[in-house]
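Enquirer: Here it is, the structure in full.
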Amino acid sequence: MADRNRIRSFLKDEHVTYASILLYITLSSGQIFFNKWVLSSKEINFPYPLGLTLLHMSFSSVLCFLLTKVFKVMKVEEGMTLEIYVTSVIPIGAMFAMTLWLGNTAYLYITVAFSQMLKAIMPVAVFILGVCVGLEIMSCKMLMIMSVISFGVLVASYGELNINWVGVVYQMGGIVSEALRLILMEILVKRKGIKLNPLSLMYYMSPCSAICLFIPWIFLEKSKMETWNFHVLVLSLNSLCTFALNLSVFLVISQTSALTIRIAGVVKDWLVVLVSALLFAETKLTIINLFGYAIAIAGVAAYNNHKPKNGERITLVSQSPTNSDKKPGGPL
């Protein structure tokens with residue numbers, strides 16, 4: 001009887017684990033397409049990436065407050081001080097805001113598939129910055145892995161039929177901002193000893209990011225949006241899905257590990273690339289595209305396999321197409 005109960009418990013845990021991973025992949029992929037549709041579809045016609053990102057951050061701030069302070073469904077981890085908040089959380093929030101803003105803007109110029117291919121370069125940016133600040137050590141193996149990823153992205157870019165360099169610049173800017181955020185996160189964990197779960201990170205960081213986005217929004221998009229007919233239901237649902245994505249990351253990490261999130265992220269990236277070719281007429285995949293991306297993903301897989309042996313990296317999954325593939329432990 002005891003053995004039977006243990007088997008049932010194991011199977012139940014396995015089902016919960018697989019369900020949480022499937023939920024994460026579904027929400028992460030779906031949110032990318034949802035954001036793309038909101039930003040560039042004729043039905044919604046909301047070409048305001050800064051405004052959309054500001055809405056996401058404001059929505060997350062309110063929901064985090066309600067869940068932790070009003071309904072007390074979840075608890076915010078302790079240990080945050082004013083000094084740490086000013087010197088670490090605010091810069092991280094600013095980089096997060098920049099990542100989402102630039103990444104969302106890129107979707108006005110380049111396809112979803114090509115954006116995913118460019119984002120494969122992320123480990124290279126993180127590693128280079130990590131070496132510069134002393135968090136990473138240059139080695140022949142890591143240099144080889146970074147070279148493979150870079151070569152793959154270069155080949156994928158060469159195979160892009162209608163490349164828009166404005167979109168590429170925005171996307172690469174978002175990648176650099178995200179890399180800086182990850183480095184700041186690692187400094188927060190390793191040098192200041194603060195470890196926060198994704199909900200706690202969102203609770204502390206969302207208000208900072210919202211303020212950082214609000215200032216440029218006043219000058220760049222406020223006047224344009226005053227004449228726009230708001231689709232309140234669509235934008236509210238979009239923001240809710242964004243928040244659900246972050247909670248799904250928390251669920252997956254609690255059931256598995258940071259490495260599992262990264263592996264699920266690779267599966268999700270391929271899924272997004274292939275499905276986008278079916279959903280969007282503007283997406284024209286070529287053999288060179290796919291070959292280059294396959295090389296880059298092979299490098300990313302090697303990086304994911306190598307990193308856990310040298311310490312896990314804590315991150316936060318973005319709430320936009322740009323960062324929906326950046327995972328805790330490696331996309332919260």
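Placement of Cβ uses the backbone N, Cα and C atoms for every residue, glycine included.
The annotation domain 'Sugar phosphate transporter' is assigned in TrEMBL to 23-304. TrEMBL lists 16-34, 46-68, 80-101, 107-135, 142-159, 165-189, 201-220, 232-252, 259-281, 287-304 with the feature transmembrane segment.
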Enquirer: Could you give the mean pLDDT over the domain 'Sugar phosphate transporter' (23-304), rounded to a whole number?
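Expert: Here the mean pLDDT over the domain 'Sugar phosphate transporter' (23-304) amounts to 88.
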Enquirer: Can you work out which residues elsewhere in the same chain, 6+ from the ends of the transmembrane segment (201-220), have a Cβ less than 8 Å from its Cβ atoms?
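Expert: Distant Cβ neighbours of the transmembrane segment (201-220) are 50-51, 53-54, 57-58, 60-61, 64-65, 68, 76, 80, 85, 89-90, 92-94, 96-98, 100-101, 246, 316, 332.
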Enquirer: So, does the transmembrane segment (287-304) come close enough to the transmembrane segment (46-68) to give 3+ Cβ pairs below 8 Å, pairs being at least 6 apart in sequence?
Expert: no
Enquirer: Under a Cβ pair cut-off of under 8 Å, which of the recorded stretches 16-34, 80-101, 107-135, 165-189, 259-281 contacts the transmembrane segment (232-252) most often?
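Expert: Looking only at 16-34, 80-101, 107-135, 165-189, 259-281, the most contacts with the transmembrane segment (232-252) come from 16-34.
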